[in-house]
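Annotated features, as they stand in TrEMBL:
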type	residues	note
DOMAIN	1-282	domain 'Cation/H+ exchanger transmembrane'
DOMAIN	399-522	domain 'Cation/H(+) antiporter central'
DOMAIN	534-676	domain 'Cation/H(+) antiporter C-terminal'
TRANSMEM	12-31	transmembrane segment
TRANSMEM	51-69	transmembrane segment
TRANSMEM	81-103	transmembrane segment
TRANSMEM	109-130	transmembrane segment
TRANSMEM	151-180	transmembrane segment
TRANSMEM	200-221	transmembrane segment
TRANSMEM	228-248	transmembrane segment
TRANSMEM	322-345	transmembrane segment
Amino acid sequence: MDLGMVKRAGRKAVVIGLFTFIFPITLNLIVAEILTTNMEMDQYLHDRVPYIAVFQSITTFHVIVCLVTDLKLINSELGQLAISSSMISGTCSWSLAIFFLFIDRGETHDLIALILITAILLVMIIFFLLRPIMIWMTRKTSEGKQIKETYVTSIFIMLLGCAFLSEVFGHHVLFGAVTLGMAVPHGPPLGSALVNKIESFVSSILLPSYFVFSVAGVNIFSIHLKTVTVVSIFGVSSFIGKVLGSMLPALYFKIPPSEAFSLGLVMSCQGVSDVLLIQHGRFLSVMTLFSSFPYSATEFYAYSAENNIFLLYLLQLLDTQIYSIMVINMLFLSGTFTPIIKLLYDPSKRYESCNKRTIQHTSLHMELRILACIYHQDSTPCIIRLLELTNPTAKTPMCCYAVHLVQLTGSLVPHLVHHEPGKSAKFHAKDSSHIINAFRLYEKECNGNVVVNLFTSISPFSTIHEEVCRLAAEKSTSLVIIPFHKQWRPHGIKNIVEARSVNRHILDMAPCSVGILVDRGTLSASKNNNLYEIGVLFAHGRDDREALAYGLRMAKHSKAALTVIHLIDLARTSQDYHEMELDSDIITEYKIESAGKRRHSYRHESVNDCVELIRLITSVENSFDLILVGRSYRIRSPLFEALTEWSEFPELGFMGDILTQSDSRCRVSVLVVQQQISGA
């Protein structure tokens with residue numbers, strides 16, 4: 001957990017969090033008063049109604065984060081708002097729940113004071129003694145290095161010590177453990193090391209066992225209709241309160257109604273933290289022990305430390321019947337809300353654009369905006385050289401947004417960090433400083449022709465594409481450049497497995513054109529006075545036109561020599577005359593631009609089948625430093641359909657796959673271009 005989120009939460013999140021806390025608790029307490037006054041019920045249920053009302057209205061941060069993570073919304077605006085708001089509402093909910101359980105106990109004020117003092121003492125020990133030690137461990141670990149095993153062992157010893165002190169002070173073992181967890185610096189190197197050590201064991205063994213154990217305690221035969229009615233009324237009223245508490249301020253901040261309702265559904269879900277709370281209420285069966293305990297405060301303190309009386313008082317409020325109904329309600333509501341949220345909220349719709357955001361449709365006299373993604377610092381030289389060949393000048397300026405994509409570990413909350421010049425960022429990932437320095441140097445060398453904005457996105461790779469697409473939409477970029485997941489290095493091939501799914505999602509959802517860069521080192525190699533040989537394999541279709549449009553920009557660079565090989569598909573049976581006209585227009589434009597320039601050339605090649613196509617590609621593949629190809633073709637042709645049978649990397653398209661297959665002899669860099677899908 002990142003406790004700093006409470007400080008950083010904006011006005012919108014604070015207001016929504018407070019309303020999500022105030023509405024359900026107020027509504028439930030009003031309903032509780034009405035029920036206890038007007039409904040006949042047995043004395044036990046009558047006494048438990050206020051506590052059921054409080055427990056049903058609680059919101060927990062951990063449950064909300066897990067939910068938006070499972071729904072793959074953690075990088076969406078809805079997910080970010082829900083996480084920030086739940087930090088506020090969760091803190092208020094749990095504080096009120098504990099306070100509510102302490103009020104109106106006049107005979108035990110000395111005991112309550114003693115218990116609160118010991119709780120504050122334990123918190124102070126953890127945050128003012130143990131946390132500085134953990135921060136020191138983090139500082140002693142070099143950037144990019146693994147934390148020492150002795151440090152990890154020390155954390156586990158601290159955990160046992162805090163749990164022991166929690167028991168000695170009369171609290172539950174979880175109080176010390178959870179407080180220590182909140183004090184651990186999140187993220188690498190310490191938080192991520194702890195996650196790597198225990199996450200698999202906890203997620204695969206402890207949590208499933210705990211859920212089985214918890215649900216096994218549900219006894220549907222002990223349930224009475226009146227109790228079902230009372231508990232269900234509170235479940236419905238807390239749901240209405242949470243939805244209204246989220247929706248009303250969200251609508252005030254001009255969030256669309258469907259998204260506001262989805263936010264309300266997310267904020268109303270309950271999970272493992274709530275089950276933990278009510279489960280202890282079932283296990284422990286002392287009702288009003290404080291008011292009837294005959295001993296002095298000192299004697300009670302000693303007795304409570306031995307028998308865990310504080311937790312009995314705090315959580316004993318529910319029997320098996322109430323516990324069973326509340327668990328069933330949670331399962332029903334959470335199971336119902338999840339598909340509804342998926343149906344109502346699709347973050348990709350926010351990235352759709354009615355405008356043409358492509359290189360082909362960006363005027364040469366307008367600023368070209370490019371978003372460049374980087375998984376590893378080794379990709380930086382090739383991307384910078386590609387940006388350089390894009391030919392930014394005073395008349396054709398360029399704005400580059402470079403984003404270092406980092407897998408989120410040891411933390412629940414993703415971060416998008418903007419590295420502004422002259423300001424030190426709070427979060428730094430491994431290799432980020434090298435990437436930042438390289439792009440700053442490139443910006444300086446361009447003498448004002450290029451503006452570079454640097455970001456680091458620390459998110460789960462399952463949803464990091466959301467951050468990329470959102471940034472591309474907000475900055476109105478014309479092209480997103482993403483490195484291919486296989487990266488050729490002098491010491492071998494580096495395979496970033498998770499990057500492949502990220503690239504596929506970006507191809508599907510990007511609000512502009514996308515280029516997948518296969519870096520084999522030929523582009524980043526120094527040329528001195530020699531020209532960069534760039535080839536464009538042009539067949540037909542909008543993706544090929546986008547690749548050629550990018551080539552036309554490069555052709556204006558003084559060190560670029562562009563060769564266009566126009567493939568005439570003799571096997572194509574269907575004809576789209578509008579597409580053919582568009583293809584002819586851009587080919588004509590290139591011929592005019594290259595007329596009289598020896599370093600540029602054009603030739604056409606006729607191919608009858610896929611065998612001839614492969615033979616042609618292999619004959620020219622090593623003649624260039626960079627090859628540009630389109631990704632896909634709308635018009636069906638036997639020429640390309642036959643290639644799908646042995647396609648190794650479908651995300652690269654037909655020709656990109658041929659140039660990148662494992663058995664390919666191609667040794668040059670390749671840029672596979674897909675023109676904007678949405679709004680196209």
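If you go along the chain as it appears here, the first residue is 1 and each next one adds 1.
Note that Cβ sites are derived from N, Cα and C of the backbone, with glycine treated the same way.
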Secondary structure composition of the domain 'Cation/H(+) antiporter central' (399-522) [DSSP: H/G/I, E/B, coil]: 39 helix, 43 strand, 42 coil
Long-range environment of the transmembrane segment (12-31) - Cβ separation under 8 angstroms, sequence gap at least 6: 50, 53-54, 56-57, 59, 81, 84-89, 92-93, 96, 233-234, 237-238, 240-242, 244-246, 248-250, 252-253, 263, 267
Across the domain 'Cation/H(+) antiporter C-terminal' (534-676), average pLDDT on the 0 to 100 scale: 83
Tally of DSSP helical, extended and coil residues in the domain 'Cation/H(+) antiporter C-terminal' (534-676): 63 helix, 33 strand, 47 coil
